[in-house]
Amino acid sequence: MDQTGISLLRSVTLNCWFVSQAFGAMLAPLITDSCGRKMAYVIASSIMTLAAVIQYLGTVTLYPELLIAGRALCALCSPLSDAALILYLQECSPLEMRGAFSFLGEIGYGSMCVLGMILGLKNVFGDSLTRLLGFSAIPQLFGVFFLLLIPETPKYLMITQNDRKGALKSLEFFQGQRKENEAVLDEYLCEAREEGEIKKGSLKEIFTTWHLRNAAYLSCMILTLTLPFYPILQSSTYFLLKLEIPR
């Protein structure tokens, strides 16, 4: 393979993540609302486990197509997994602790990044891409098994499924048997009625309303601060080799 083919293969391998993630972000709200939070989380975790196995096989068989396919499949389900996790943390936690629980997702993400950095060290798994990718499927299997054991969120069962008995059992599972549980379920119903009475906005409204438009501009400006991060994340090895930094 010539240098052009190598550059093309490297670009596809790195950038397929962002393309697939964009499609996954569009599918995430549809799946979590139609299938439920638990089923969405199980689907995402199962497919990401399969993606890890596909990437492992790609390194064993030396087929870059498998590596790209596994990476794209993992990226497709990544937003779904994130959305399901956030919904679980918000809908299963007590109201007074909901804000604190919402940070647990970022804490877990950061912890796994640290673990990945440790496993990527040369004296651990860093000298073998096959072992590094194969190891990632192990915690995923435990995660899928754990998700099968926990119930659906009480809020989804109460509002969407209209299953008060199931919602009460789920609430007792996550928060324990409390005398306030029945009142919490009634609050879910009141919240659903209030949301139904609120007039739904549109994408056009964001650009025609002054404060919404400025908020969107500020959000885009803040997101540009993340742009320098991704080249380092994706191509740090390439940069360091070009700089001839010793290993």
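Here the Cβ of each residue, glycine as well, is placed from N, Cα and C on the backbone.
The annotation domain 'Major facilitator superfamily (MFS) profile' is assigned in TrEMBL to 1-247.
Feature annotation from TrEMBL assigns transmembrane segment to 39-57 (among others).
The transmembrane segment annotation in TrEMBL covers 69-89 (among others).
If you look up TrEMBL, you'll see 101-120 (among others) marked as transmembrane segment. The list of residues near the transmembrane segment (101-120) in space but at least 6 beyond its ends in sequence, with Cβ under 8 angstroms from a Cβ of it, reads 82, 85-86, 89-90, 93, 126, 132, 135.
According to TrEMBL, the transmembrane segment annotation covers 132-150 (among others).
Summarising the annotation, TrEMBL assigns transmembrane segment to 214-233 (among others).
Averaged over the domain 'Major facilitator superfamily (MFS) profile' (1-247), the predicted model has a pLDDT of 87. Within the chain, the transmembrane segment (132-150) has long-range Cβ neighbours (under 8 A, six or more residues past its boundaries) at 38, 41-42, 45-46, 48-49, 52-53, 55-56, 59, 119-120, 125-126, 173.
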